[in-house]
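Undergrad: I'd like to ask you about the structure that follows.
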Amino acid sequence: MLNYIPMSESDIFGKASKPINPKKRGLFPFVVTVFKTLNWELTKDTSFSNAVSCHGFPHSINAFRIIVHAFALAGLQIEVQFLLRDIISYYKKLDLDVSESHSTLLSSLQHSHKAISAIVINILIKVFAENKMLENALDVFLQAKKFGSEPNILSCNFLLKCSLEANQLEFARILFKELKDSGPSPNVCTYTIMMNYYCKGHIGQNIDIVQATGFLEEMEMKGIGPTIVTYGAYTHGLCGAGYVEFALGFIQDLRIRNQHLNSYSYNAIIHGFCQKGEPYEALKLLQYMRNHGPSPDVYSYNIFDGFCKNGDIEKALNLIEEMVHYNVKLKPSLVTYSSLFSGLCKHGLIYVCLDMFRNLGALGYKYDVTSYNILMDGFVLQGDMESASEVVCEMTRNGLVPNTFSFGRLIYGFCKRGLLDKALEVLSIMLQFGVPPTTITCNVIADEYFRGGHFMEALKFINEMQNFGIMPDSYTYNVVIKWLCKGKKSDKAWEVLPIMIKNNVFPGVVHYSTIIDGFAKQSNPTKALLFYAKMEMTEKGVIPDKITYSCIIDGFCRAENMKRAWALYKEMLQGGQSPNVVTYTCLIGGFCKLKRIDMANLLMGEMKRNNVTPDRLTYTALISGYQRLGCNDKAQDLFDEMKEKGISPDHITYAALGQAGPQFGCQTLFGGNDVMRTKW
C-alpha cells in the first residue's frame, strides 16, 4: 500500500516554482501524466540526459524536480532514488557544478510537506554518498537543517560509513561532531561505525584502541547499549593491537553480565593467540565455545593453522576431523585445507599432503591455483622437480592458468639443481602464457648462468631482462659482483658500481663488502683497505658493518699483517660494531700463525665474555696454535673441551691436533669457505 499523503498542487510544484515556459510544452504533458498516474514504466524510459537534449536544461531540471516530488509524495523511495541518481550522473558525466542540482531540488522543499522533503533529502544524501561526493552530501545535510528539515540518522550513518570507507577521517569527525551537537542524535550504529574504523588498520591510520575505548565509554554514559556487532568490532581491535589477553578478559566479563556474543568476537581472540604462537590457549577458547556457546563456525577452526605453523601437524589433522564430527554442517573450505597443505609441505610430509589433496578431489572439491601452488612448491622443496612439473601441467589441463609464483618456483627448483636448460624452458612457457617474470626469478637465472661459468651469457641475459620490463635491481648487481670476485676479477667488480649509480641503483654495504672480500681473498688486503676507505666518501655515505670489517680483517690475517688487522678490530669496536665468531676466529687464527698465543687467548676470553660461542673453526685455530708451540697437553685439553660442548671436530681439527704447520693458518682453517656466506 502506498503511503500517500493528501496535498495540494502547490505542495508538489512548490509555491515559488516558476511556471513552465509555454514555448517548451513538450515535457509538460509528460509531467502531468506522471503526476496523475505515477506511471513508472513511462518515467524510467525518459532519462534526464535525453530530456536535456530535447528540451534544454532549465526546463528539464524543473520537470524532473516535479516528478521527484510526485513519487516522494507517494512514498515510492526506490523510484525517487533512481531519478536522483539519473540527475546526478548527468552532472558527473559532464563535470558540472553538482551544487546547482541539489540547490534546485532543495529550494522548493522549503515550501513542501515535511514528509516529501524528508524523503528527498535523505535519498539525495545517500546518492551523493554512494558516488563518493561527500562534500555535496554534507552540503545537503546542512542546507536541509537551515529550512528546518532534519535528515534521519539512517542517511547520516550511511554518509558517515561512506566517508570512512574512503578514508576521509577528518570529514567523518566533522560530521560526527555535528550529529552530537545539533542532531540527529547518534545511535548505536553511528558509534559502531566510528569504532569499527578505529579498530582496523588503514593507510596512515593504525589501530587506535584508546579512541575506540572512548566511544564505548561514551555510549555507556549516554545509555546507548552496544550490540553484538559493536562488541565484535572492539574485540577485533583489541586483538589487532596485541591486547589478546585483555580481549579475553573483556568477553569473559560480558558473559558474566549475560551479554550476548557471537563467534566473530571469539574468533578474533582465537586468531590473536595463534598469531602469538600460542595455539593451545586458542584451543581452550574453542573448547569453551563448544561447551557453552556460541557455536564455533568454520573460521573458529582456523586454529589449526596455528598448530601447523608451530609444527604440530598431528593436532591440526585431529582438529579437521573433529570439526566435521562436531557439526556436519561445518564443511572445511579449500582455503582451510590449503593452510594444512602448506604446513604438511613445510615439514616434508609432501606425500601425506598429496593423499589428502587427491581425497578432497574425490569429495568434489575444486582445486584452485593456490592449492596447486602449495603442492607444487612442496615437491620443489623435496627436490622432486618431475612431480612439481606434473602438478603445473595438471593445473593447466584443468583450465587454470599458472601464475608468477607457479613458474617462479619451478625455475628456482631447476636452477637450484643446476638444470639451467629446464629453467629456461619454463621461462619460455611462462612468456607464452603472458605471465611476466619477476626480478627475483630473473636474478635466480642470472645467478645460475654465473654458477655454470657462463659469464657472457649471464650478462646478456641481464640485458635482456629489460625486454620483459624488468630493470636490474640491487640484488642483480650483487650477483654480478659476487661472481666476478669469485672469478678473481675484483677490479672488474669495482667497475660495476658506476654502472649501478648510472641506473639509479645505489651500492650498499653488501656490494662494498663483497668486493672487499674479493680483494682480501686475492691476497690484496691493501686494495681492500683502499676500497674500504672509499665507502664513506660516496654520495650516500655507506657505513661499514661487521661483515665489512670481518672481510678486511680476514684479508690482513691471511697476509699475516696482524698490526693492521688489530687496528681495524679496534676501529670496529669504536664504531659500535659487535665482532662475531668469524671476526674472532680470523684474529685468533692470525695470531696463532705468528705464535702469539697470548693474544689468541685474550681474544678467546673476550669472546666468551661477550657471549659469542666459539665454533669448530675457532677451536681448530687455537689447537693449531698450541701445537706450533709444542704445547700438546693444552691442545688436547681444548680438543676435549670442544667435544664436551657438543662441537664435532672435522679432519682439519684432527690434523691440527696431530701436527702443527703453516698449512693450518686462517686461510686453510676456513676450509675454502666463503666468509661472505657465513651466517652472521
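Keep in mind that glycine also has a Cβ here, set from the backbone N, Cα and C atoms.
Straight out of TrEMBL:
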type   : residues : note
REPEAT : 117-151  : repeat 'PPR'
REPEAT : 187-226  : repeat 'PPR'
REPEAT : 262-296  : repeat 'PPR'
REPEAT : 368-402  : repeat 'PPR'
REPEAT : 403-437  : repeat 'PPR'
REPEAT : 438-472  : repeat 'PPR'
REPEAT : 473-507  : repeat 'PPR'
REPEAT : 508-544  : repeat 'PPR'
REPEAT : 545-579  : repeat 'PPR'
REPEAT : 580-614  : repeat 'PPR'
REPEAT : 615-649  : repeat 'PPR'
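Can you tell me where each of these features sits in the structure?
TA: Along the repeat 'PPR' (117-151), the predicted structure has mean pLDDT 86.
Only residues 6 or more beyond the boundaries of the repeat 'PPR' (187-226), in the same chain, are considered here, and those with a CB under 8 A from a CB of the stretch are 153, 156-157, 160-161, 164, 167, 169, 172, 176, 179, 233-234, 236-238, 240-241, 243.
Applying DSSP to the repeat 'PPR' (262-296) sorts its residues as follows: 27 helix, 0 strand, 8 coil.
For the repeat 'PPR' (403-437), the residues of the chain that approach it from at least six positions outside its boundaries are 369, 372-373, 376-377, 380, 383, 385, 388-389, 392, 395, 444-445, 447-449, 451-452, 468-470, judged by C-beta separation under 8 angstroms.
Tertiary proximity for the repeat 'PPR' (438-472) is limited to same-chain residues at least six positions away from its ends with a CB under 8 Å from its CB atoms, namely 404, 407-408, 411-412, 415, 418, 420, 423-424, 427, 431, 479-480, 482-483, 487, 503, 505.
Break the repeat 'PPR' (473-507) down by DSSP state and the numbers are 25 helix, 0 strand, 10 coil.
The list of residues near the repeat 'PPR' (508-544) in space but at least 6 beyond its ends in sequence, with Cβ under 8 angstroms from a Cβ of it, reads 474, 477-478, 481-482, 484-486, 488, 490, 493-494, 496-497, 500-501, 551-552, 554-556, 558-559, 561, 564, 575, 577, 674-676.
Using DSSP to sort the residues of the repeat 'PPR' (545-579) gives these counts of helix, strand and coil: 26 helix, 0 strand, 9 coil.
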Undergrad: What counts of helix, strand and coil residues does DSSP assign across the repeat 'PPR' (615-649)?
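TA: The breakdown for the repeat 'PPR' (615-649) reads 26 helix, 0 strand, 9 coil.
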Undergrad: Could you give me three numbers for the repeat 'PPR' (368-402), the DSSP helix, strand and coil residue counts?
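TA: Per-class counts: 27 helix, 0 strand, 8 coil.
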